[in-house]
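A.B. asks: I have a structure I would like to understand better, so I am pasting it below and will then ask my questions one at a time.
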Amino acid sequence: MVANLILEWTIMAQSYGQLAKNHVGFWQVLFQSVSQMGPGLSAVSGLTAAASFAAGAMPLAIILALIASLLGANTLIQFAKKISSAGGYYAFVAHGSGPRMGIFTGWIYLLYQGINAPAMILFFGFLLRSVLDMGLGMNLPRWTWWPFALAAAGFVWYISYKGIKPSLRYSMVAGLIEFVVFVILGTVLVEKAGPHNTFAPFLPASSPRGWAGVGMAMVFGLFSFAGYGAAAPLGEEAKNPKKTISRAVFLAVLIVGIYYVFIGYASTVGWGLNKMSSYASLPLPLMTMAQKDLGPLWFWLVAILVINGTLACITAIHNAQVRVLYALGRDRLVVPERLGQTHAVHRSPFQAIHFQSVINILVVSLVGFWLGSFAGFVFLGELMTLSTLMVHIFANFSLTRYYKRLGEFRVLVHGIIPALATVLYLFPIYFTVYPVPNFPDNIPPYVVGAWIIMGGILLVRIFKQSPDRIQNAGLITGDTSEEITG
């Protein structure tokens, strides 16, 4: 029976068209995760937000966020050893907790990644307008973020449509250049600090609010690590995916984490340990410091890299999202069936790319003109936070069930570590609902709740009309070699 189901769905996958197997190597997969974390972007945004709470102890908060992210990455790594699927977390949870939970997870993941790209496109519009104002004193009208954002959306559509390899090659080259220049900038800042270099940034006493400030800063540190799971949806296109995805995710978190700690430390001693309370008062303090301490050439170098890195980040987000849309469309679930088609030449999920590109433009335009480019970015960021943490919690729970069913359960990696990661993820969720934030920050929990209710209604409808579709949700993987139960 199981063999017949696998054969039937494998034939259906071939009729829909498959993604190009064995098409991308380890380094390209690695930079898919690195690019979505946006190391240059986070250096001028996420770390700045962390400094607003921890001040001089910001590097300590980043270290703690690195530890938490490594714990969370364990879940993806353990799943990737067994499952290769474009569905990513959708397929992982389906294998671990059953098709119904898999569909729920895929639905919530659609919200996370579906607004992730528009959020970063909004930030790109804000960033480019701000850079032109700061660097050239152009004083552009406030609405000029919109054409910049549309240009970014068009760029990402084109490079994704041409296939995964060109877009990953772009992400890899952009990421390497970004790393090198920011490390040089950090090294210069550390050298210029001279006798002011100290171990104090790694002590909670350097935060005016002590451990409370460090804890809040850690939340924003975790935001900077969001995206390391972007490698998972490349499971059907990567060479030797069950090893490649695991290694890429671990190294992405570790390398970017060390980079964040170094840049955080360099920013702290470069700005001045006792002056860090004013660090977050500027919109782009690291770029301001590059201009002040190293001259306008460095300002423009950093600005260009952050702009370029933001485009690479959006590209990585888009690549991950459209592959989940492709997997759900291929499984005939939640989204239109045609999204499960691939391009005859480029082997890219072109229908999903077109669909997501339209969503990007609509969300960017509606939210951007409602709240403004930066406030809209923050609003969508809150939605992303709630939805992605829920996806990771479902995955943590499913990992334990999955390995118990296989008879390969190990207490530490399949039990304790996922449980610790879940506890850490509940921390920021708590602060998104209590105390009740001001408008519009109080809206995201209701949006996520409404999205979950919609998913439940769709699930019931699918079950009544075609129960076999739920039974086989997430079944198609890169090797279609495993039965799903639950």
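The backbone N, Cα and C atoms fix where each Cβ goes, glycine too.
Annotations in TrEMBL come from automatic prediction, not curation.
Worth saying up front: this structure is predicted, and the values here are computed from it rather than measured.
The domain 'Amino acid permease/ SLC12A' annotation in TrEMBL covers 29-459. The transmembrane segment annotation in TrEMBL covers 47-73, 107-131, 143-161, 173-190, 210-228, 249-273, 297-317, 352-371, 377-399, 411-431, 443-463.
What's the neighbourhood like for each of these?
C.D. replies: Tertiary neighbourhood of the transmembrane segment (47-73): same-chain residues 200-209, 213-218, 220-225, 228-229, 249-250, 253-254, 257-258, 260-261, 263-265, 267-268, 273-274, 276-277, 279-280, 284-286, 392, 396, 417, 420-421, 424-425, selected by CB-CB distance under 8 Å and a gap of 6+ residues from either end.
Within the same chain, residues 38, 41, 45, 88-90, 140, 144-146, 148-149, 152-153, 156, 283-284, 287, 303, 306-307, 310-311, 313-314, 317-318, 320-321, 324-325, 328, 334-335, 356, 359-360, 363-364, 367-368, 373-374, 376-377, 380-381, 383-384, 387-388, 390-391, 394, 448, 451-452, 454-455, 458-459 sit at least 6 positions outside the transmembrane segment (107-131) and bring their C-beta atoms closer than 8 Å to a C-beta of that stretch.
Within the chain carrying the transmembrane segment (143-161), a Cβ under 8 angstroms from the stretch's Cβ atoms is held by residues 117, 121-122, 124-126, 128-129, 167, 170, 310-311, 314-315, 318-319, 322, 343, 346, 348, 350, 353-354, 357, 360-361, 364-365, 368-369, 373, all 6 or more beyond its ends.
Note on the transmembrane segment (249-273): residues 30, 33-34, 37, 39, 42-43, 47, 50-51, 56, 58-59, 62-63, 65-66, 69-70, 73, 76-77, 80, 179, 182-183, 185-187, 189-190, 192-193, 196-198, 200-201, 206, 221, 224-225, 228-229, 231-232, 279, 285-286, 289, 293 of its chain, located 6 or more positions outside it, place their CB under 8 angstroms from a CB of the stretch.
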A.B. asks: Can you tell me which parts of the same chain pack against the transmembrane segment (377-399), counting only residues 6+ beyond its ends and a CB-CB cutoff under 8 A?
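C.D. replies: Answer is 72, 75-76, 78-79, 89, 92-93, 95-97, 101, 104-105, 108-109, 111-112, 115-116, 118-120, 122-123, 126, 223, 226, 229, 363, 367, 371, 414, 418-419, 421-422, 425-426, 428-429, 432, 440-441, 443-445, 447-448, 451.
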A.B. asks: Against which stretches of its own chain does the transmembrane segment (210-228) lie, if we need a Cβ under 8 Å and a gap of at least six residues from its ends?
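C.D. replies: The answer is 33, 35-38, 42, 46-47, 49-55, 57-58, 60-62, 64-66, 68-69, 73, 76, 204, 249, 252-253, 256-257, 260, 313, 316-317, 381, 384-385, 388, 424, 427-428, 431.
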A.B. asks: Which residues of the chain, 6 or more past the ends of the transmembrane segment (173-190), have a CB below 8 A from one of its CBs?
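C.D. replies: Residues packing against the transmembrane segment (173-190) from afar: 31, 34-35, 39-40, 43, 197, 259, 262-263, 265-267, 269-270, 289-290, 293-294, 298, 301-302, 305, 308-309, 311-312.
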A.B. asks: Return the average pLDDT for the domain 'Amino acid permease/ SLC12A' (29-459) as a whole number.
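C.D. replies: Within the domain 'Amino acid permease/ SLC12A' (29-459), the model's average pLDDT equals 80.
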